[in-house]
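Heads up: the structure comes next, in structure tokens.
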Amino acid sequence: MTSASLSLSNRISNHKKYITRTLWSSMLGFVLMAIYYVLGTAFMVARSINYGRVFHQSPERIKMEKINAAFRVLGMEQLGWILVVLIAIAFAFQGFSYVFESNKIDFYLSQPTTRGQRIKKNYFNAITTFILMYLSVNIVALLLAAILGAVNGAVIVVVLYETVKAIVLFFAIYNITVLAIMLSGTPLISMLVLAFFMAVTTAFGYELKALKNIFFATYANRDTYGIIGSPLFDRVAVLRLVNDLKLNSTNIACFDILNKWIDMTVDYEIDILITGMIAFALVILVSRFRKAEHAGKTICYRPFRWLVKVISCVLLGIGCGVVFYEMNYYMWYSSRFVTIMFAVMLMAVIITGCVIEVLFDGNIRSVFKGMAQNVMALAIVSLIFIVFRGDLIGYDSYIPSASKVESCALLREDYDFRLYDGHSDMNYVSLPEDYMELTDIETFNKLVQAGLKTQKEWVKFDREGNYQDLGRNNTVLYRLKNGKMVYREICIPYDIDENLLSSIIDSKEYIRGSAPVFHDDKVREFDELNHKTRKIQYNAPGRVMTTTEMTYAELSDAYCKDLENSFSYKLVSTQVPIGRVDYLNSVYDGYCNCGFNVYKTYTNTIELLKKYGVFVDDSIDIDSIDSIEVTNYYPGYNMEDEDFDINSINVDSKSFVYTENDKIRDIIEKVICNDYYCSWYKRNLNEQFVVIVNFKNNKKDMMNAQQSYFSFEMGKVPDYIYADTN
């Protein structure tokens, strides 16, 4: 009787026998899944209830937290996929371990069933057993969550979606494991081959990214890895995306977040499915050529053995070169250093090839076998090194054609905004990446072209240990029409055409895309909920004025008007702020800190500050200064007259304190306040000196800022400063 003619009762009987034969893995997997899904759900929901009671949260807030807890355990943030991977590997080894022993193969060959039917039966039993296990624990967990009031429509949908994802992941890992078994002759080698399959594309992706960082001056670390064919990497990447999504939402258990999450992760799920299907096709192909005499061998097929060896040698060779670079680059970087790095890579390839031959044959005498594969690996590593070292692909000069670009962004971080509302942490670092859409591509390309050239010069000097301040470092983003994102590091030279910069910086697209006040709905909500703990400070040199009456919405509205009416490249590059407004609000389960630089032309903000009596003029009263301390970091040198490498100077800094009113007045007239940072400001400052102004403490006049930092403008350092600090 063949398996095709079995009755339903016989099929069920065979399925019971399969479960009995794989009882230890089935039971262990079921128990672990029950602990995670059922007990995990109960624990997290109960924790949310207790937390709400302790901190006297409203019933609506407690319900939301319960649903979020269930959503995390059963949905977006679940770690149950780790159990899915382990169960898939265990089922595959138990179902196909017979191929490692000749006597078991002979027994199966004597049975009235074909090889294909036997493989089909193992697949059917493994997949159905897993589905029954997964569905049972998730249904119980979902019912328990419903009893505890932690279920809504989004939770049900996410559980269904996660079920499909789990089945796809199980299918992919199971196929990859079976493929590793079919290509190997022993359990140990099959595990090594499985590890090879799991890690090869991920390792190659990380190494390529490391080589870009090493050799390409314009490489931006925001670039994606571009890794495909790795289910484990896909799962970890999805978790990272979930963390990014949580930053901007308090309630994650809603369809809006769920839809965004599916859109963000669907490509990873498709990659897992395609990888599983390819592995399944290879299993069918390889199993046709599997012979009984392959049992006990290391690698069953010589071409695959060569492939594994060459790829392993290439990966370990490049990896050793990257490790050597990371361990030594900070000490010295030169053409000699790069040559040694290349030699390390080649040596690692040769050693890896010898070790792999010994592992394959289990004989130390095989150490020098397979030299042809070693030569092939050496050639591939050499080619990769030459391509990256010489930038043969033109990476550092690549600028997308304007016709292929949808929009651009200049990723600067000029605003200090941070909000944590007890659930999500938002620091607005990625704001330009999300909201800035510059559409004048031709002008932007001119800026990038100059920035790429300067960036290459800047990196060259930096690696030689001769730091040169050539311009403003920036990251740029191109959003291509085909959906790809292109990131590059540039250095905008100080002598660039100011009209070119102004056309970009003065645009509404830049202003609205870079300023958090245009996208601060969460901060406004936080201020309304926690208005009793808010504090708004206006900081001017030596003075701090505070109010609790002004609302954040008033401040934000006034500042938005000033940005739209007054913000320009000419303003921020030639003037320093006259002060800074800090919004501070801290409660037991959250906080918010926001900073606003104030310029003389920001009339709306200034009028608002005056309305609440917290604005002070930026002029400094000499009588309010107790002393001025000037520190010379390079005594004996003059940065304005000498061209010297600061890294080669080994001298102790020297400070001098001035208390005389005439010298205090003279110094104040020649310095610029450094307390309020703006990256666009043309820092025509003498970095050799740091000036610290110590103010008198006058609480009656609210003069509580004890110190402010200043710098001399170039060409304005008094002679007596050099004399006193040399």
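A Cβ is built for glycine as well, from the same backbone N, Cα and C atoms used for every other residue.
What TrEMBL records for this protein:
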- 21-46: transmembrane segment (TRANSMEM)
- 79-101: transmembrane segment (TRANSMEM)
- 122-148: transmembrane segment (TRANSMEM)
- 154-176: transmembrane segment (TRANSMEM)
- 188-206: transmembrane segment (TRANSMEM)
- 268-286: transmembrane segment (TRANSMEM)
- 306-325: transmembrane segment (TRANSMEM)
- 337-360: transmembrane segment (TRANSMEM)
- 372-390: transmembrane segment (TRANSMEM)
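Same-chain residues lying 6+ beyond the ends of the transmembrane segment (154-176) with a Cβ under 8 Å from its Cβ atoms: 67, 70-71, 74-76, 78, 80-81, 84-85, 87-89, 91-92, 123, 126-127, 130-131, 134-135, 138, 142, 145, 194, 197-198, 231, 235, 253-255, 257-258, 262, 269, 272-273, 275-277, 279-280, 283. Packing against the transmembrane segment (372-390) from elsewhere in the chain are residues 211-212, 214-216, 306, 309-310, 313-314, 317-318, 321, 338, 342, 345-346, 349-350, 352-354: each is 6 or more residues past its ends and has a CB under 8 Å from a CB in it. Non-local neighbours of the transmembrane segment (79-101) in the same chain are 21-22, 25, 29, 32-33, 36-37, 108, 122, 125-126, 129-130, 133-134, 162, 165-166, 169-170, 173-174, 177-178, 181-182, 185-187, 190, 194, 231-232, 235, 290, 294-296; each lies 6+ residues outside the stretch with a CB under 8 Å from one of its CB atoms. Beyond the transmembrane segment (306-325), the same-chain residues lying 6 or more positions past its ends with a Cβ under 8 Å from any Cβ of the stretch are 193, 196, 200, 203-204, 207, 210-211, 214, 299, 340-342, 344-349, 352-353, 356-357, 360, 370, 373-374, 376-377, 380-381, 384-385. Remote same-chain residues near the transmembrane segment (122-148) are listed as 14-15, 18-19, 22, 26, 29-30, 33-34, 37-38, 40-42, 45-46, 49, 66, 70, 73-74, 84, 87-88, 91-92, 95-96, 155-156, 159, 162-163, 166-167, 170-171, 174 (criterion: CB distance under 8 Å, separation of at least six residues from the stretch ends). Sequence-distant neighbours of the transmembrane segment (21-46) (same chain, 6+ residues past either end, Cβ-Cβ under 8 Å): 66, 69-70, 72-74, 79-80, 83, 86-87, 90-91, 94-95, 129, 133-134, 136-138, 140-141, 144-145, 148, 150.
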